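A.B. asks: Okay, so TrEMBL annotates it like this:
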- D154: active site, charge relay system (ACT_SITE)
- H211: active site, charge relay system (ACT_SITE)
- S520: active site, charge relay system (ACT_SITE)
- 145-562: domain 'Peptidase S8/S53' (DOMAIN)
- 375-431: domain 'PA' (DOMAIN)
- 598-705: domain 'C5a peptidase/Subtilisin-like protease SBT2-like Fn3-like' (DOMAIN)
- 1-17: signal peptide (SIGNAL)
Amino acid sequence: MYSLAFLFLLCARFVSSESVPNRFIIEVDSESAINLPSKRDSASLHERVYEHIRARDIGFSLDREFNEESLFVGAALTLEDPRDVATLRDSPGVKSIRAVQMISRPRFVDVYTVSGEIGLQNTSDQESTHVMTGVDKLHAQGITGKGIKIGIIDTGVDYRHPALGGGFGPGYKIVGGYDFVGDAYEGGNPFYGPSGIPMPDSDPLDTCSGHGTHVAGILAADPSNEYNISGVAYSATISAYRVFGCRGNTPDDIVIEALLRAFRDGQDIITLSLGDSGGWAESVTSAVANRLAHQGKIITIAAGNSGATGGFYASSPSSGIDTIAVASVDNTVLILRSLRVQGVQHDPIPYYSSDPLPVPEPLPIYATSNDTNATADACEPLPDTTPDLSKYVVIVRRGTCLFVTKLKNIADKGGKFMLIYNNKPDFGSIDVGKYNASFIRAADGEYLVSQFVASVPIKLDFPQEGDLVEIPSETGGLVSSFSSYGPNYDMYLKPAIAAPGAQILSTLPNNTYGGASGTSMATPFMAGAAALFLSTKQLSGDVPITVRTVLQTTAQPILSNNTGSDLLQTAAQQGAGLVNVFNAIHYETLLSPGEFLLNDSAHFNGQHKLTVQNTGNSEKTYTIRHKAAATALMARTGTIFTSLGPVNLTRAAADVSFSTSSFTLAPGTSQSVDVTFTLPSDDESTLPVYSGFIHVATDSEDLHVTYQGLGASLANVRTLDDTDYFFGHQVPLLLDASNNVQTDATNYTFNNVTGDYPVLISRLSFGTPLFRVDLVDPDFHPEGNNGTLPIVQRLDWAPRSSEDNDDGNAFNYSPLNSLVFHDGTDIPKGTYRFLVRSLRVNGDAANLNHYDSWLSPIVGIFP
């Protein structure tokens, strides 16, 4: 929640991370454009469209051109006058127009470098993520992805790394690619300076980011390295398409260009560990990715790292209908730094930190409480009897107050180095702010406190290199807490499937290695799994759907917790479950489809047909059963907002019946089964997303089809936030020229130099197909629809707002500074109100009753 005192600064951040001023992507309607008259008979489709745009007195510059007839024909343009956008939209040959959107730079959830040997504790010698998914057994059979071409669209790759082949071009692992931006490119982000001009070249080398290099290692690292890690498909050939510079974000037109280039280069699989909040299949990047899938390309895309933001927060371009949106599962082991206990015999103690704690010499310990059950350890200022803590490593227990509160109280007594021990079994990264502190397990903290209480003179040593240990993860095999929740607003199963994505060891630039987490890591793993499958099969027809279906139906459903409960995680976060590519390749049964999409309650689709095919050489007897997953309550009780993550789960479930539940198939035969769903009885106000699995099993195989539906009507979900929840002041609101909230009638000159114009602040409580601002008469009443004037601003396919401004989607900041309507006509002088409207999902744009709306105070326009 933010106070209005910080509003202006926050708004500036929002503007910088969303649409690019004056830049638009047009799609050309090839059928109509070819018939447009031109001064030159030989003019191309593009030239004909440009000619007619200029004839309408629209000044523009051409940024890039797209010309893949089967995928996307269009261009990215910069308008000299943004008021021409409506005229451009109506120009002959223009099918659609979208504002160019910035795509955030992909970030690791956490990352650390490694050096020295890794000591193993209670784990096998095999690579854990490969054991989790059957990759290890396929590698043992010699299945390594040979002959498959994979394109990585990311930050580039340090192909000089020995594990990535040590070179670039034919004969190397990284055989090709392209740099669309150059090192200096910063996406035009004003916070990084004016470098917004791409400087493309043919060399996708990245030495300054590391994200794409880590992705490449997960996918294709050679196994002959000091950490004995290998890529999932290490015999595949890789092309790297760099779309980010060393800093900053990138516009989506560059990502579109990279997708089309990868298509032209003949990649079998294209993987993108990038994206932003979106959630609509109709966004331009989602649509282009989906068209690539229709042309036979397997597209794997990160589902997003916004698990804390809660339900209905799918990303784009992973919302593309036939793409594979990938969720993250926690590794079964953690690779951590460790400290040594001097003075007693004790195993090294692992601690959770991206860098070694910078303790210059072994130090004694001091515990802020002798009680290892203390619930509020160091939540209050430490007593005056506390010694100078600068010569100790201070041990403090988690609980009650913020970590930084504890650390500040310790620092106030001179503390420089702190270890926070957990108060529960799990383990993970924590926010320690500016302090030199780290996190240790509960048992290790309790041991250290016991030594302190017994006055045992121990010291702790923090090696600055090496001393990494691998320990079992308490959450191994569960969906990562950071992994985003779907579904998308079109009610597709997003994510579609999951792969290991937390604590993944891989390559980093300059011949280094490191661990990282994120759906960015799960996505290349899934691309590698698809490559292993492709390399063993001769497929025809709709290859991307076939591959996705087989991977989904042979995946392993994931539990919601590790406490012994049999409750499965909602499919809205796990998709079809954890990929098992060994089963995908070796199972002799095929199921189709891979998903049953039941839609919302108003469009409930409860009748489906399941096809089971026996591709083996012997007779098989099948049994069919239903296993419900948890129903996710996606609405926050008593509010218009979706639940934050982790969302509440219940056991409410759909009823399912089958036309037959057991049958026998001879080799090479198939059978269809009618599957009938009945909606669960649940409170619609909770937005219950129900899901589960229809299992089809023999005595040696267990497959499933995933289903998902919503026990409420999306048309009843409010889209426009009209509360004071976020700012402490009701939204929408207008800010006047002095950045004060306008409450009374106010006149403006609409002078862009002096800033004398209103600014609209709004938030979306749910995604909307259309957000629009109309100018209306002062006496307008929404129910009467009297006096509506042309539209002033519009935004298509908008996601809901988050509650984290760092992701650039906390609220909408809209300067209402134009003296023309959206259609290019001048706004007459006079007094008006702004009518802000957002269309509900599945609503009719022509029906005023299908919008949520807000009417502003009176605004005088007197330039």
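Cβ atoms are placed via backbone N, Cα and C, with glycine included.
Unlike curated entries, TrEMBL annotations are predicted automatically.
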A.B. asks: How far is it from D154 (active site, charge relay system) to H211 (active site, charge relay system), counting Cα to Cα, in Å?
C.D. replies: 7
A.B. asks: Same chain only, sequence gap of 6 or more: which residues have a CB within under 8 Å of the CB of H211 (active site, charge relay system)?
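C.D. replies: Counting only residues 6 or more apart in sequence, the Cβ neighbours of H211 (active site, charge relay system) under 8 Å are P106, R107, F108, D154, T155, F244, S273, S520.
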A.B. asks: Taking the Cβ of D154 (active site, charge relay system) as centre, how many other Cβ atoms lie within 10 Å?
C.D. replies: 29
A.B. asks: Three-state secondary structure of S520 (active site, charge relay system) from DSSP?
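C.D. replies: SS state of S520 (active site, charge relay system) = helix.
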A.B. asks: I'd like the number of other C-beta atoms within 10 A of the C-beta of S520 (active site, charge relay system), please.
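C.D. replies: Excluding its own Cβ, S520 (active site, charge relay system) sees 30 Cβ atoms within 10 Å.
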A.B. asks: According to DSSP, folded down to helix, strand and coil, what is H211 (active site, charge relay system)?
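C.D. replies: Once the DSSP labels are grouped into three classes, H211 (active site, charge relay system) ends up as helix.
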A.B. asks: Restricting to the domain 'C5a peptidase/Subtilisin-like protease SBT2-like Fn3-like' (598-705), report the mean pLDDT as a whole number.
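C.D. replies: Result for the domain 'C5a peptidase/Subtilisin-like protease SBT2-like Fn3-like' (598-705): average pLDDT 97.
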